[in-house]
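I have placed the structure first, in the form of structure tokens, so that the comments after it can refer back to it.
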Amino acid sequence: MYDWLNALPKAELHLHLEGSLEPELLFALAERNKIALPWSDVETLRKAYAFNNLQEFLDLYYQGADVLRTSQDFYDLTWAYLLRCKEQNVIHTEPFFDPQTHTDRGVPFEVVLNGIASALKDGEQQLGITSGLILSFLRHLSEEEAQKTLDQALPFRDAFVAVGLDSSEMGHPPSKFQRVFDRARSEGFLTVAHAGEEGPPEYIWEALDLLKIQRIDHGVRAFEDERLMQRIIDEQIPLTVCPLSNTKLCVFDHMSQHNILQMLERGVKVTVNSDDPAYFGGYVTENFHALHTDLGMTQDQARRLAQNSLDARLVKP
């Protein structure tokens, strides 16, 4: 079944480029940039990937991102991810990047963007993988900081298609970012947001009504609110669900408890994605395979999930 799932044409709509930084590349970039790491080798770092919640993961994620310093580093990171896409027949990807993770430690915005954008361009020309880049604001920082990031991004507006919202969800509701999202929309950007991963269904309502998002990233807690479920079904609002991430971060204790297939059968436009694959133990095919192994996903369900991902693209073919 793995090979069949791997060959299925699919899109990936929820992937953080910084979260695809594999330990081997992390060590190579640290050496290139002469950065001392707190881990002695790749295996020690892999063992550190045993987190219990979103915050523990984020602490490690930001520490790892510190090795990314030059445009070449960001190119190499993005290119390594695109090669994985090619291996897994991901024909279109809409990755997130978190400029604030880098600008806050002194890496200029254009250094980050130039490396990523040139890799995505080469990915289309050399690998045939189309893409649309999403700039994501960090929700644990202030809206004022997000506004500054949007200011930095506007001269490069052609390089990305949408803005998003990620990082620590609890205590940082979408309403905190209403004005910057209003402004981004007025500048012509589409909008998406992480909501309903650890946060309550109310955060999904806010993301829809206040941020006016086109797509919900995660959204698994919508299942707790029947009125919200009905709206998502009626309006066919896509959810970019990340099964391995959800179990690794204890949103669900075990994959057998995941609600993605129940949502699919209810008529929700759910999609399968890898989120931060270097940290969560798998890329898109591994996520599909886990649904087959632990939830008994059928080939018909896999086809529908893959088609949903192609239908839910912000960048239409």
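Backbone N, Cα and C define each Cβ position, glycine as well.
Binding of Zn(2+) is attributed by Swiss-Prot to His14, His16, Asp275, and within the candidate set His92, His194, His254, His258 the record adds His194 to that site. For the recorded positions Glu197, His218, Asp276, a Cα to Cα distance of within 10 angstroms from His16 (Zn(2+) binding site) holds for Asp276.
Sequence-ordered, the extra residues of this chain that approach the Zn(2+) site, with Cβ no more than 8 Å from the Cβ center of His14, His16, His194, Asp275, are Leu15, Gly19, Phe96, Asp166, Asp217, His218, Thr240, Cys242, Ser245, Asn273, Asp276. Counting Cβ atoms from all protein chains shown, His16 (Zn(2+) binding site) has 28 others lying within 10 Å of its own Cβ. For the pair Asp275 (Zn(2+) binding site) and His218 (site 'Important for catalytic activity'), the Cα-Cα distance reads 9 Å. Packing around His218 (site 'Important for catalytic activity') is summarised by its Cβ count: 27 other Cβ atoms lie within 10 angstroms of its Cβ, all protein chains included.
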